[in-house]
Amino acid sequence: MHAPRIDRRWLAVVPSTVILGWVLTRIGLPAGWVIAAILAAATAAVTTGRSLDLPAPASRSSRAVIAILSAAPLTATPAAELVDFLIPGTVITAATLGIGVAGGLLLHHAHREISRSTGVLSMLAGGASVMPFLARDMGADYRYVTLTQYLRLLAVMLSLPLAAMVIGFDTHPTADTTTDFSWIGLLVLLIIMAVGQPVGTRLHIPAPSILGPMLLTVLAHALLDDRLTLTLPGAVTAVAFMAIGWMAGGALSVPALKSFARTLPATLLFITALMACCAATALLLTWWLGVPYLDAYLATSPGGLETVLIIADEADSGPVVAAVQIIRLIGVLILAGWMPQVLHRIARVRHRG
């Protein structure tokens, strides 16, 4: 039995991604590793006229890593804070998810080549790194979902510091908050990577390749000693983000790029509308909880969680920011995992009407 042959194009794609990704991250571009990987893989796929497929073991491993990273905010926020803001956070989450679902369905009606699941997954605010894998599992166009999600993420992360200054805050560098590395913690995470999907499948969890490792990571954090850090090396997380870009970029073709270009005006319009609606929900949160508008704006920002938490720390914001963001992230992941059932239910309701 022969080992599968490795596509020689990877010999050019991998080093070019590393070099370009290093440059983009050095200049401070958000999602630099993902963007570099999309550009490198897309160049190889388009110029050769053949898709560049990510090897299955790399795809499975990167899914597990992204799932573990997505669980980090859930483990870092005290449960008491989530309970305190549960009702307002749930209301804001429902409004944001409703806007995303409506925007995705409108995008489908505006461009019929975009399926309902593709449109909705591309418009959900939060969990950008998880959506491409969920889209692929559900048979949606993961290329469009990846490009749209990271276009939204790029817009949000670039606008956040400017918006914070306009509202009335000057940003300053924050202290290094890197946690200590633990070999035992790494071993635990490797076990989670290996068994997360089978456990999720056995428990009949939707999107088991993502939600399985996430749930095990949260459970491990709750059961293990607080002094034991569950942190993956930076190089591992960088490769996982590269895998997202390679998966999307490697599947691109000239017709696919032309199709994305045709839908780009509508896509940008819906992203702008989503950001504006989230800013409007911040007014509701300010009125409801009596918090400063900057805190409410950061709490309702449609994505860019890491940037949000950095600015919130610099602004000495209250716990509302992290709590509402985490509540929404949980809501997004639940909705995305049950997307086929949700869309089927919506279609049945519309058909009855």
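Keep in mind that glycine also has a Cβ here, set from the backbone N, Cα and C atoms.
Note on TrEMBL: of 9-26, 207-224, the range annotated with the feature transmembrane segment is 207-224. The stretch with the most CB contacts under 8 Å to the transmembrane segment (86-107), chosen from 31-52, 150-169, 181-200, 207-224, 322-343, is 322-343. In summary, the transmembrane segment (266-289) does not lie against the transmembrane segment (207-224): fewer than three C-beta pairs, each 6 or more positions apart in sequence, are under 8 Å. When the stretches 31-52, 181-200, 207-224, 230-254, 322-343 are ranked by Cβ pairs under 8 Å to the transmembrane segment (150-169), first place goes to 31-52. The recorded stretches the transmembrane segment (31-52) and the transmembrane segment (230-254) share 3+ CB pairs below 8 A when only pairs 6 or more apart in sequence are counted, and are therefore in contact.
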